[in-house]
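Peer 1: So that we are looking at the same thing, I have put the structure below in structure tokens.
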Amino acid sequence: MDMIEINGGNRLTGEVKVSGAKNAVLPVLTASLLASEGVSKLMNVPALSDVETINNVISTLNAEVSYDKDEESVTVDATKELNEEAPYEYVSKMRASILVMGPLLARLGHAKVALPGGCAIGSRPIEQHIKGFEELGADIHMDGGFIYASTENGLKGTTIHLDFPSVGATQNIIMAASLAEGKTVLENVAREPEIVDLANYINEMGGNVSGAGTDTIIIHGVETLHGVEHAIIPDRIEAGTLLIAGAITRGDVLVNGAIKEHMTSLVYKLEEMGVNLDYQDDAIRVRVEDELKPVDIKTLPHPGFPTDMQSQMMALLLTAEGHKVVTETVFENRFMHVAEFKRMNAKISVEGRSAKIEGKSELQGAQVKATDLRAAAALILAGLVADGTTQVTELKHLDRGYVDLHGKLEALGADIKRTQA
């Protein structure tokens, strides 16, 4: 069993580079299935277990995938006749596998995709995906753990209003509509930077997607799409995690690949706490010189405060004086890390969807386990400032979303190592 061991107390200084965005590369990889001509080459691809999983899913669909971790690139050739079935063996490992359904429906007119797996955070329903496909003209039914989708006369453009701005549903419907007949208007959509990256990629392939980054996206279907080269945007969640690593240790760190426009709600909250941020071209320098002030956090869909930064921000709030409240509105059951923080002497109580933090916690090193991807990072952040040694286990979660986080922190001066227990 792998374990990360941290001896707390070191101030972090220096420069660090953010890897490519996990939440951008997965939909872009599945969108490569839309290209019936040419080969796609994706650059700045992070070396993550989730990337390997989606590559395996794409390979089972009869696309040729080549993954060069040293070059941080993936090439996808989807010009052959695709298979319709995404099997349970891979899809069960990761929810994002459902994102092959839109491209398969668009290319083949039918798809058979196992119900997905992934992080155990709340219900994360896929009803919005199914609603979108049905409104584009697909017949959907579920049987034996699979979702079956088909369309006799091809997908037809229409107006679709999402009940809530689901990121995955927005991506899946954009991909399906990109080869549909006519115009699709997609309302109340997700506005994340990863949506913009996907739209840019499809447009580079010859598609016609406009409005990404706003709450209404318009897709004019085209007959074919072709492979292209595309660089994945930096990971704003990793960037935020590294900014907090600098802040929590009261350090001085330059985070290359941190783009302010991708993380406005986070940086505003950090500044509200008294963290000094210096904005440069695609980089942010973080410094802390004074006592941090208490702030309240409420997670919301983008551009609100990201749920994927909630647990890391909670770690930082533990080191500030005063009364703080963290409210989680996006996912249910996303306070599982609180029990682990308490093992480290954190003063937190949970009531429903809110966690209350009283005063500054004198964190103590302890053995803790990661309950999900972002909790893993948050526990490591807490370990950076805890008195004594912190051991974080269940690193399979961490490896789904961070490339060499311990190595990057060690290069900044942390006393941290990864071992096999």
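The backbone N, Cα and C atoms fix where each Cβ goes, glycine too.
Note that the structure is a prediction, hence the values are computed from the model and not measured.
Okay, these came from Swiss-Prot:
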type: ACT_SITE; residues: Cys119; note: active site, proton donor
type: BINDING; residues: Lys22, Asn23; note: phosphoenolpyruvate binding site
type: BINDING; residues: Arg95, Arg124, Pro125, Ile126, Glu127, Gln128, Asp308, Val330; note: UDP-N-acetyl-alpha-D-glucosamine binding site
type: MOD_RES; residues: Cys119; note: 2-(S-cysteinyl)pyruvic acid O-phosphothioketal
Peer 1: Which residues of the same chain, at least 6 positions away in sequence, have a Cβ lying under 8 Å from the Cβ of Lys22 (phosphoenolpyruvate binding site)?
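Peer 2: Sequence-distant Cβ neighbours: Pro46, Leu48, Asp50, Val51, Asp235, Ile237, Arg400, Gly401.
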Peer 1: Distance between Arg95 (UDP-N-acetyl-alpha-D-glucosamine binding site) and Asn23 (phosphoenolpyruvate binding site) at the Cα atoms, whole Å?
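Peer 2: With the alpha carbons as reference points, the distance is 12 Å.
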Peer 1: In angstrom units, rounded to an integer, how far apart are the Cα atoms of Ile126 (UDP-N-acetyl-alpha-D-glucosamine binding site) and Asn23 (phosphoenolpyruvate binding site)?
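Peer 2: Counting only the Cα atoms, the answer is 17 Å.
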Peer 1: Which has the fewest other CB atoms in a 10 Å radius around its CB: Glu127, Asp308, the listed binding-site residues?
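Peer 2: Each of the binding-site residues Glu127, Asp308 was scored; lowest Cβ tally within 10 Å is Glu127.
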Peer 1: Name the one residue among Pro125, Glu127, Gln128, Asp308, Val330 whose Cα is closest in three-dimensional space to that of Asn23 (phosphoenolpyruvate binding site); these are the binding-site residues.
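Peer 2: Nearest listed residue in space: Asp308.
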Peer 1: In sequence order, what residues of the same chain, 6+ apart, have a Cβ less than 8 Å from the Cβ of Gln128 (UDP-N-acetyl-alpha-D-glucosamine binding site)?
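Peer 2: Same-chain residues close to Gln128 (UDP-N-acetyl-alpha-D-glucosamine binding site) (Cβ under 8 Å, separated by 6 or more) are Leu162, Asp163, Phe164, Ser166, Gly168, Ala169.
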